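Taken straight from TrEMBL:
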- A:453-462: compositional bias 'Pro residues' (COMPBIAS)
- A:7-121: domain 'Response regulatory' (DOMAIN)
- A:145-374: domain 'Sigma-54 factor interaction' (DOMAIN)
- A:D56: 4-aspartylphosphate (MOD_RES)
- A:433-462: region 'Disordered' (REGION)
Amino acid sequence: MPGAAARVLIVEDTPTQAEVARALLRDLGHEIRVAETGTAAVEQTLAWRPDAILMDIELPDFSGFEAMRRLRAAGIETAIIVVTAHGSVNHAVEAMREGAVDFIVKPYAKTRLTVTLQNALEKRALATELREVKAQLSRDRFFGFIGASPAMQAVYRTIESVAASRANVFITGESGTGKELAAEAVHRASPRRAGPFIALNCGAIPRDLLESEIFGHVKGAFSGATENRPGAARMADGGTLFLDEIGELPLDMQVKLLRFVQTGSFQPVGASRPEKVDVRFVSATNRDPWAEVEAGRFREDLYYRLYVVPVEMPPLRARGADVALVARHFLAAFAKEEGKRFRAFTREAEAALMAYPWPGNVRQLQNVIRNIVVLHEGERVEAAMLPPMLLRTGSGRAPVSMPMAAPPAPPPPPVAAPPAAWVSARLEPTAWPEPVEEVPPPAMARRPEPEPEAPPPAPWAPPARIEDFLPLAEVEKRYILAALDQVAQDVPRAASVLRINPSTIYRKLQAWRAEEGTG
Amino acid sequence: MQATIAFPAMQVVDRLVAECHRFEVSAIDPDIAGQLASELPLEDFVRIVRTFEDDLGRLARQLEAAVASGDQDGYRRAAHSLAGAAAAVGARRLEHVARLGMDHRAQVDPRTIALHVQHEARAALAELAALADNPPGAF
């Protein structure tokens, strides 16, 4: 602030005094306003937010000290210089006690006033800068993120640094570390924030639909293309296109994407002319992108186009106390959502959460907390409410499975005629899964290859004979369990597929488990 | 507010002003007013003098009205503002007179104060106007 134009409020009830101060400060180029009463001083400060105040003590309505108290109560941190005709020590002491940065006695020389004001502004600027730096170093929220660990602070700083530029961003990290959240943060911190943020999961789209999903198609481009349809590229115009699981993109699509990244132009499927858009690319993968290049599965030229600013999302196990921070956040959110009383974790429960390595990262932690909230009651989460695998890993050995609402199950039998033991076998011991003993994936482990050759699911058909119909509740139970099997027991995902609330599944699992116990 | 104002020591101001005149103390302090005149652009200094003139007219009226109505608080507030305005431009004699009016221990006749305020205000304005016409450093 020193040297730059500042806002200065002169609080003075005698116009001659105010005019003298205004004239003496004119050379500095500051914007100056005058308030003649304590009330006006408080109102103008709240509305105008001056950088400094020259505060007379004897005002018509109440003293300048009282005005300072009111401003401090309102959270105002303006640099206040007390101006008085009484150069007594008592006044100076009281001024400092009320938060003044300096004290000046009337009448004052120009140099005295300007130096005092500039010192006060400089001190305030330094204090503000220090506070901002401290806040940045210790912030535990950043857009959608929760975390105060050094690893996350580094992520926040990188995102902030890159957000303003047009540079493409490449986010890496294990599943569940928040890659899409990071992509959204890049978008929301950027000048494109008012534009669209379009996320496309390249691994979730059938190969033959990928081109249409990215670039769109025109009516008649292929059978079923009954009308023009814009793709993600067009929809992201003026904003950010997030290509999640970019490593899953087939090589032929990588060529088309490369052209799009290079030129900003693309051709919708079936279109005769290219279209041009203004898009910033943010890509993400849980694989090692360079290893993919070396393995020939990812084009090197596309790699260099997209991998401009890398952002590596740390795994939850590398984020220290963030585990507790995130767990508390989820606990509060889910308790509110589910109408439960949970407020905190016991020390033992929190220690168990901290000791567990969380191979499924934040998403896994989220599932665990959701499950606890749905299945239990109380104000504090006890260690006994945690899944057994968390309690067994106090030694720090890294188990590798995701906590699930039910243990891993064999491939689901046909819904129409499941073996009677199938349901109970998976609900019998506990709602928590046993850890699967396998080597934990490295930080950029390759995901299992998608199975494009898998046949599409057969349409459901009702039983041919009336005696084969099952009670509706039984069908619902089997159907939900089958869905859970298909998504590796990921309850929120299964709920999404079934278009129901995850808590519905949790409640039903609890009820079925109770039935098993009584039956 | 109506109150009776006692004024036994009514010669204090007369004596003070007489001493000033005897030692040829000017109505304005050259260190303060001279500095303003020399450091500020002329238009700024003239604006200050005009503001001071406005203040004097307004505050003198307030002072006289308070004296006439026996409003002790209003009288002291006006005297306080007069002292502040006078101090800002270095009108030291006027400031001294106004401060006597502020000081309840002095118990000076407010009517005497009012009269001397008028007198010293005219003297200060005259000297300030002269200073504006011929600021220090000018030739």
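Backbone N, Cα and C define each Cβ position, glycine as well.
Because TrEMBL annotations are produced automatically, they should be read as predictions rather than curated entries.
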Cβ atoms near A:D56 (4-aspartylphosphate) (within 10 Å, other residues, all chains): 27
For the domain 'Response regulatory' (A:7-121), residues assigned helix / strand / coil by DSSP: 56 helix, 25 strand, 34 coil
Integer average pLDDT (0 to 100) for the domain 'Sigma-54 factor interaction' (A:145-374): 93
